[in-house]
């Protein structure tokens, strides 16, 4: 019986190591990022900025994100996108003290009522659409800049997701606030199980 538990434990470790770095668009764990701008931090009542602010905002959103982690993993596999990046984008789209609520035909921001959190934060089709738009932007960057690295494609795709397809004109445009904040949140979420 103990050999069975040992085998199951080894399989779980192998699965963990395989899923800890996947996605077709760069390795977020190896990316350096300055995190959220001070404007983002101040906008959400924080008196600090950078990675610390991004991590705090992701931490606030984590209880809601965890409910949708299996959905993000499924969608991540479909689009070959790291679920931590998907979670980082969703966290950025629902900053700090606000949460996204599925209102049927639209998504609305509402104040977090604490223990009375909504049962439906965001739908699978909305998460899928968000991920599809991001991967489309990344592929546009790949076509426009074929010599860039996968990490540059991810950064470029995140900046283009936020600023539009024409936002990225050179490698100097890869440090937009949206990208820096999302990557810092994604790295934090990755360390916490995404």
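Quick reminder: no glycine exception, Cβ is built from N, Cα and C everywhere.
In Swiss-Prot this protein carries:
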DISULFID  24-80  disulfide bond
DISULFID  38-49  disulfide bond
SIGNAL    1-19  signal peptide
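Feature map: annotations from Swiss-Prot on the structure.
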residue	record	Cβ within 10 Å
24	disulfide bond	14
38	disulfide bond	13
49	disulfide bond	18
80	disulfide bond	13
Cα of residue 49 (disulfide bond) to Cα of residue 80 (disulfide bond), in Å and rounded, measures 31
CA pair residue 80 (disulfide bond) / residue 38 (disulfide bond), Å rounded to integer, equals 32
Residue 49 (disulfide bond) falls, by DSSP collapsed to helix, strand or coil, into coil
DSSP output for residue 24 (disulfide bond) maps to coil
The rounded CA-CA distance in Å from residue 24 (disulfide bond) to residue 38 (disulfide bond) is 31
